Amino acid sequence: MSKTSPENNEARSPADRAFFLYQRLVALFLLILVAVTYPLWIDQTAFPAVPVVSELCAVPGLVDVILVAVLVLIAVANVCLGPQSPASSKLWIANSVVLILCFLLNQHRFQPWAYQFAVLGLIFGLAPARNARQLTMWITLSIYFYSALSKLNPSFANELGSDFLVTISSIVGAFLSPDQLASWKWLALGFPLFELLAFLFLLLPRTRKLGVVAACIMHVGLIVVLGPLGLSHSWGVLLWNVFFFTQAILLFGFTQSNKETETAPAISTRLRIAQAICGLVILFPTLEIIGLGDPWPAWGLYASHVGRTHLFLSRHAVEHLPRSLRSYVDTESSDDLFVPVHLEQWSLEATGAPIYPGQRFSLAAARAFINQTDTASAARVVIESPAGRLQDDREADTFSGDKIAMEADRRFWLNTKPRDTFFSSR
């Protein structure tokens, strides 16, 4: 009688089969999301690439192209071969290593979906399937928890949450005036509260099916609000919500039997490393709460409380800007001498991805804009502190554009200098 391999035994379980399909899904969505944000990975001539440390500023763009080509080949192999291939573990670890190298060469690539997939690649490559499934579930639960927590504050109710309410009201045909919105804006806290409810349902085995339904409803709602009918957000954000919709079903819609749990593989060094990585990913967001971490690694998704950097340019300097950059300067909304440069719009149109949130990367983008356009003497930079958790109050610091390099070095540990090799006009 022929013996069946352990992987094939695992594959008989509906939960395991769903998890094997989930691993292919991760590889597939990695390909899709890299494709819809391809300028972020291979064509950064229109938006600054800012490495983690300044020593990497001299790395030529050809290195990025090679890394992305390798990443695509690995992802295609993971989709085609599947998790039951003998090479699967090595492929997933290689996938994560290449992603990490891409992050080091440009902080902007540290999109939340890319971070999630880099972590999952390490989990898939190091842990046996059943352990990997449990660790992946814990990471997913932490995303829901910290994402909800990051929005339970007045700044979300006053800003993006209010935008959500206005968008929903316009979709259903009940338009809210500014006066009406002022009275109802606290309803915006219902969005993170519903996300927290989905987290609690998914956390408890008895209510997990309800959690799947709640999570799916939430992601469909986000797709509607952020999609073409609503705020017309980037394709990357919309597709990541499609991924989360499917993820909720494949990860939490199937239950592992007690018998299968009892026969879980013994703990190995590789599994301990995977567990340590999972623990670090789950605990890291606590640093952002005390002001030491960035919003996206802390799963601060659609959060409004984060610190910000704003760039303003004097009106007389706008007419001397390159045509490709002039459209990002708002000269119509006010008669002020200094007018805002929309760095977020620049990021979305040039790369297809949202700008990395927080003060540091926006300061780096402002620094690149000033250097590229030679407008240091005509620029003003305003850095706002994160909003309070209980009150929507911020502190602001303003300085001239010619001090931006000095202020960047004084304020931030990580690099804010762009890679000159990506700018053909400099």
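Glycine residues also receive a Cβ, built from the backbone N, Cα and C atoms like all the rest.
Remember, TrEMBL labels are computer predictions, not curated facts.
As given in TrEMBL:
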type	residues	note
TRANSMEM	21-41	transmembrane segment
TRANSMEM	61-79	transmembrane segment
TRANSMEM	91-107	transmembrane segment
TRANSMEM	113-129	transmembrane segment
DOMAIN	136-226	domain 'Methylamine utilisation protein MauE'
TRANSMEM	160-178	transmembrane segment
TRANSMEM	184-203	transmembrane segment
TRANSMEM	210-231	transmembrane segment
TRANSMEM	237-254	transmembrane segment
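Residues 140-141, 144-145, 147-152, 156-158, 161-162, 164-165, 176, 210-212, 214-215, 218, 248, 252 of the same chain lie 6 or more positions beyond the ends of the transmembrane segment (184-203) yet place their CB under 8 Å from a CB of it.
In this model, the domain 'Methylamine utilisation protein MauE' (136-226) carries an average pLDDT of 93. Beyond the ends of the transmembrane segment (113-129), by six or more residues, the same chain brings 7, 10, 16, 19-20, 23, 26, 29-30, 33, 83, 88-93, 95-96, 99-100, 102-103, 135-136, 139, 143, 236, 240, 243, 264-265, 270-271, 273-275, 277-278, 281, 296-297 to within a C-beta distance below 8 angstroms of the stretch. Within the chain carrying the transmembrane segment (160-178), a Cβ under 8 angstroms from the stretch's Cβ atoms is held by residues 151, 184-185, 187-189, 191, 224-225, 229-231, 302-304, all 6 or more beyond its ends. Across the domain 'Methylamine utilisation protein MauE' (136-226), DSSP assigns 81 helix, 0 strand, 10 coil.
Listed by sequence, the residues of this chain that lie at least six past the ends of the transmembrane segment (61-79) yet keep a Cβ under 8 A from its Cβ atoms are 23-24, 26-28, 30-31, 34, 41-42, 44, 49, 87-88, 91-92, 94-95, 98-99, 101-102, 105-106, 419, 421-422.
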